[in-house]
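Visitor: Copying in the features that Swiss-Prot gives for the protein in this structure:
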- GLY119, SER120, ASN121, GLY122, LYS123, THR124, THR125: ATP binding site (BINDING)
Amino acid sequence: MKTVTEFQNKNILVLGIAKSGYAAATLLQKLGANVIVNDGKPLADNVLAAELQAKGMDVVCGGHPLELLERNISLVVKNPGIPYSNPILVAAKEKEIPIVTEVELAYRISKAPFVGITGSNGKTTTTMLTFEMLKEGQKHPVIAGNIGTVACEVAQDAKENEVVVTELSSFQLMGVESFQPKIAAFLNLFEAHLDYHGTKKEYGLAKANVFKNQTENDYSVINADDADVMELSADTKGQKILFSTTKEIEDGACIKDNALYFKGEKVVEVSDIVLPGQHNLENILAAMSIAKLLGTSNEAITVVLKRFTGVKHRLEYVTTINNRKFYNDSKATNMLATEKALSAFTQPIVLLAGGLDRGNEFDDLIPYFKNVKAIVTFGQTAPKLVRAAEKAGLDIIESVDTLDEAVVKAYAHSKEDDVVLLSPACASWDQFKTFEERGDIFIQAVHKLI
């Protein structure tokens, strides 16, 4: 960890606890700050808050009183999930108190350079691929951010010869000031999180903060097939490394003659890649670009791509039962993700879909039903998905109450060489706490079939 004195004896407000807030508060106390911790949950229900209080911190729970800002606060470190429209953040902004997220702290104390990966879809897969490629290439990566350990915990122990690989959300990137990744990657942009950002433009601008402080000594890895990403990255001062699945890129990454190329050099044959899905080729090109920029060999990259089958809950291969392959894509919480999952297979598909009703219809899925032979729906959106399936002319359409029932029905409708795919196209919160819980229940139900 760098020797950092800027926080000594400063009054710093950590807003929202959870994992990142807890880690930030602990770090700031270690750096000599006077830490005030504030969380909306009552102290009686807040184990982490009680632990911080036991460490001698001033803890205020059960709301976000504006009076906290009267304590000569020099910095607010906010939980990424707390919107900037929250009155205490509005007031802090009016008082010109800097507001950052935990990843900014991590960067300021780290001896190791950062790789920052953002985008609407594919962040986790790309981050894991990058980590695995760098690890295979003996480049000493550590993983942090939305996956792995909280960034400021990792950064404390990171050495100069290591590299911190971080998955970054728009929420985190809104709160950066000096954060300057050596390599920043912007994968794609789709309309999302409008309840937080208001408009797609504001959402995109938050994502583009990943390039904000880069210089000509840094690299900006950019999806050349995404017009929004190209526009948002136009002003980056980093060296642009473009990647594309649709056109040749001489000074970047592309697909040519059934192989992946980087700066004109063949790296790996497409046939060596076991991860399914056209969309995953974009993720692979981005990860490969980062790995090559950090000196990873083609051999190391190929070894990883021959074994990497995906990230849990993201088009994850589960098992094969009587020549039916089961895939868990519980992370598909919107139609776009399900469209990509359906496009990944040429075999007949039995689709399990449904979940929280956010008011949208599912007609956009109809063109992607061409390989779907049967659909089993569940959750709040089941009737809407049934309507879309009927419009698509599917012969086998069923609705059930639970995911366990859906798995049994899906297996009954499948035949040898079919794919049984959970890709809900909806959030999970109508029946499950998280998409991870939904995916785990699917996997358990599949194994009960054996």
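Positions of Cβ are set from backbone N, Cα and C atoms, glycine also.
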Visitor: Would you identify the secondary structure of GLY122 (ATP binding site) according to DSSP, in three states?
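Guide: GLY122 (ATP binding site) sits in coil per DSSP, no helix or strand.
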Visitor: I'd like the number of other C-beta atoms within 10 A of the C-beta of GLY122 (ATP binding site), please.
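Guide: I count 26 other Cβ atoms within 10 Å of it.
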Visitor: Apart from GLY119, SER120, ASN121, GLY122, LYS123, THR124, THR125, which residues in this chain have a Cβ no more than 8 Å from the mean position of the Cβ atoms of those residues at the ATP site?
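Guide: Counting only non-site residues, the set is ILE117, THR126, LEU187, ASN188, ASN283.
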Visitor: Given the binding-site residues ASN121, THR125, which one has the fewest other C-beta atoms within 10 angstroms of its C-beta?
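Guide: Selected from the binding-site residues ASN121, THR125 on minimum Cβ neighbours within 10 Å: ASN121.
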Visitor: Mind telling me which of the binding-site residues SER120, THR124 has the densest Cβ neighbourhood, counting other Cβ atoms within 10 Å?
Guide: SER120
Visitor: Specify the count of other C-beta atoms within 10 Å of the C-beta of GLY119 (ATP binding site).
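Guide: Its Cβ shell of radius 10 Å holds 25 other Cβ atoms.
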Visitor: Sort out the sequence-distant neighbours of LYS123 (ATP binding site) for me: same chain, 6+ apart, CB within less than 8 Å of its CB, listed by position.
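Guide: In sequence order, ILE117, ASN146, GLU167, LEU168, SER169, LEU187 meet the Cβ cut-off.
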